[in-house]
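One structure is given below, encoded as structure tokens.
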Amino acid sequence: MWFYRIALLLLTPVVLFKIRRFKKTYTDYRAKEAFGIWPSVEADLWIHCASVGEVLAVRPLVLQWREKFPTRRLLMTTMTPTGAEQVAKAFPFAEHRYLPMDWRCSVKSALNKIACKHLLIVETELWPNLLQLAKRQGLRVEVVNARLSDRSFQRYQKFPLVSRPLFALPDCFLAHAQADALRFEALGAKKVLVTGSIKFDLAVPPEVLQANWRRQLGSRFVWVGGSTHQGEDEALLRIHKTLMQKFSNALLLLVPRHPERFEAVYALAKQSFERVALRSQIPPDQWSDFDVVIGDSMGELMYYYQAADLAFVGGSLIKRGGHNPIEPALLGKAVLVGPYTFNFLDITEQLLQVNGAVRCHDEAQLESVVVDLAGQSSQRYRLGQTALRFAEKNQGAVTRVLTEIDFR
């Protein structure tokens, strides 16, 4: 672990800059907590989520746990202010703290304030000092919905002096697929179980269906770019320009993955389109006058997917590995992905095999498929229903996780 500690020390200026930026951008960000300066916390269960995506992913698990143990206390930690906002919205009964940066002194300080014996980490947010010190303090540590892409696996393999002790620390990895389980075992994990992805158990929030943005947009063709990155926004805007030559009333909902890019993506869209709206300023019932809407809101991705006829899952047209295709699938939407889906490889491959999604290998093919499907509502419906059946068939991971974990 000495190699990791030296590397972390060298990165201290970068970490401090990030904390400062958070504090400047989010006035209610509690920066002291990032240094381990916490008030005393008593909890029966501590769940750590990196940010918004993990908070949303763990929602069905938390709600079922809460149903089973209504009087127990929950502590949730995140790294980001947007994650904190989502915790407050989704779990008002939980206490929230920012996870300290992984300096040993900060982690020790925070752990000394916690009266809790059980830590659940969502996906693969593994911090060496946190894990080592938590285990030393007697916490039971489990990683739920554990996943590890082949790309990350290969990186960890290059540093066995760090990775093998690290992956041996958690008491159990509850992997979302067999391929992930094999990777964890190869890296030295002591106990690995395959429980499936808890993301399949995500219930569409009733408020999404009640809001029914799709109905507010009338009969026009609407497509969404969900959780997009730099390089994809430009491509989707070019595709939309072409699409509007054939379907002049088409609407693109462009939802960048990271909030710090909202402004830049809005400016980018304004270069090609006169009628561009920001979700934060214009409500859905007034979008009829716009060609592009920038989704500059957090925690509303399901609303955007519900509003669309066709959903492109971002992070997949560039080498980011793609984001979660289950969300549009659960809403019965036709799903499009790019060539890079290694973050959700098993799920995406299975979805493609049952013809519940279409893979587009480059921008040209994506343009062709979008223009083609814009005029084929019956084909979109078939794709969406197949995706929905696939998602529903794979539900049940939360029940398996609750069975495997001892919450006593």
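We number each residue from 1, going along the chain as drawn.
Glycine is no exception: its Cβ is also placed from the backbone N, Cα and C atoms.
Curation does not apply to TrEMBL; its annotations are automatic.
Here is what TrEMBL records for this protein:
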type: ACT_SITE; residues: GLU54; note: active site, proton acceptor
type: DOMAIN; residues: 31-201; note: domain '3-deoxy-D-manno-octulosonic-acid transferase N-terminal'
type: SITE; residues: GLU123; note: site 'Transition state stabilizer'
type: SITE; residues: LYS199; note: site 'Transition state stabilizer'
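On the backbone, the CA of GLU123 (site 'Transition state stabilizer') and the CA of GLU54 (active site, proton acceptor) stand 7 Å apart. Within the same chain, residues at least six positions away from LYS199 (site 'Transition state stabilizer') with a Cβ under 8 Å of its Cβ are ALA57, ASN145, HIS176, ASN324, ILE326, GLU327, ILE347. A 10 Å cutoff on Cβ-Cβ distances gives GLU123 (site 'Transition state stabilizer') a total of 22 other Cβ atoms nearby, all chains included. A C-beta separation below 8 Å, combined with a sequence spacing of at least six in one chain, links the residue listed as 'active site, proton acceptor' to THR78, GLY83, VAL122, GLU123, GLU125. Taken together, the residues in the domain '3-deoxy-D-manno-octulosonic-acid transferase N-terminal' (31-201) have a mean pLDDT of 95 on the 0 to 100 scale.
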